[in-house]
Amino acid sequence: MNGGPSGFTNAPVTRLFIVASAIFTIFFGIQGRFGTLGLSYQDIFGKLRLWKLIMSIFSFSSTPELMFGLYLLYYFRVFERQIGSNKYSVFIVFSILTSLLLEVLAVALLKDPTANLVTPGPYGLIFASFVPFFFDIPVSTRFRVFSFFFSDKSFIYLAGIQLLLSSWKRSILPGMCGILAGSLYRLNVFCIRKAKFPEFISSFFSRIALPSMGSSHATSSSTTRHSVGNLPSHPARQVERNYPAPMQSAVEPSEDSITTLLSMGFDRNSARQALVQARNDVNVATNILLEAQSH
């Protein structure tokens, strides 16, 4: 299992968020101020340190948390490719604000004026992403180690458990808040899954996220629907060296799989052919279509 093509192809928002998180974490690490991060009752209801609220969104409190956190954020870029950068930006904002609100409520209920109850970092976004990961990402391979059974998704879950337990109670609390935020998004509370930012806002952040990739690359995500129409009618032939040819008894692609690819901007005919080539594996079909566009 993979998150699609390597790098940040069609994932500029993820790239911007990862870079920001790394910069803030390194900045506080160089200054030796990891101990000042984290949220406590006093920070919110006492002196109201707003800078801590903002920093808690981006900066991790240790190098191991940074490594596992950025790995998971990098993998979850697959969701930006599935729903588009605009809707993924809405998902990020909703997950962060909702989980932050839940954290503040939890701190208010616990009322411990001395302890830092919440570790910093984008735990809300990361663990909110585990909700669509659980429901929407299929298992492609299974294997057995001794008497234990694993799948290709197990490594992501193990990285998530490591991050969740990295600071014990201080990291479990924001992790649980993130899962709740992701569940609310999946339940489409306030019709949030249909929400979009105005086009000029998404274009502005796309330009920030892709300053060095040239104008043709910076606009690739906005022209996906048009460029896919120029694909040859046999995209499978272009990538037959990387993907196995479909079996003669290939099953007709399911309507749900076709709809998933249509929501990513691909036309129906190309989506169907890619699914046949990928034997109805949505992730592989996505890779086929993206590679076909790059030729």
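Just so it is clear, glycine is given a Cβ too, placed from its N, Cα and C backbone atoms.
Remember, it's a predicted structure, so these values are computed and weren't measured experimentally.
Feature annotation from TrEMBL assigns compositional bias 'Low complexity' to 217-227. According to TrEMBL, the domain 'UBA' annotation covers 252-292. What TrEMBL records for 217-253 is region 'Disordered'. According to TrEMBL, the transmembrane segment annotation covers 12-30, 50-76, 88-110, 122-139, 146-165.
Among residues of the same chain six or more beyond the transmembrane segment (122-139), those with a C-beta under 8 A of the stretch's C-beta atoms are 1, 17, 21, 57-58, 69, 72-73, 76, 78-79, 82, 91-92, 95-96, 98-100, 103, 151-153, 156, 160, 163-164, 171, 174-179, 181-183, 185-186, 281-283. Per-class residue totals from DSSP over the domain 'UBA' (252-292), listed helix then strand then coil: 30 helix, 0 strand, 11 coil. Across the domain 'UBA' (252-292), the model assigns an average pLDDT of 81.
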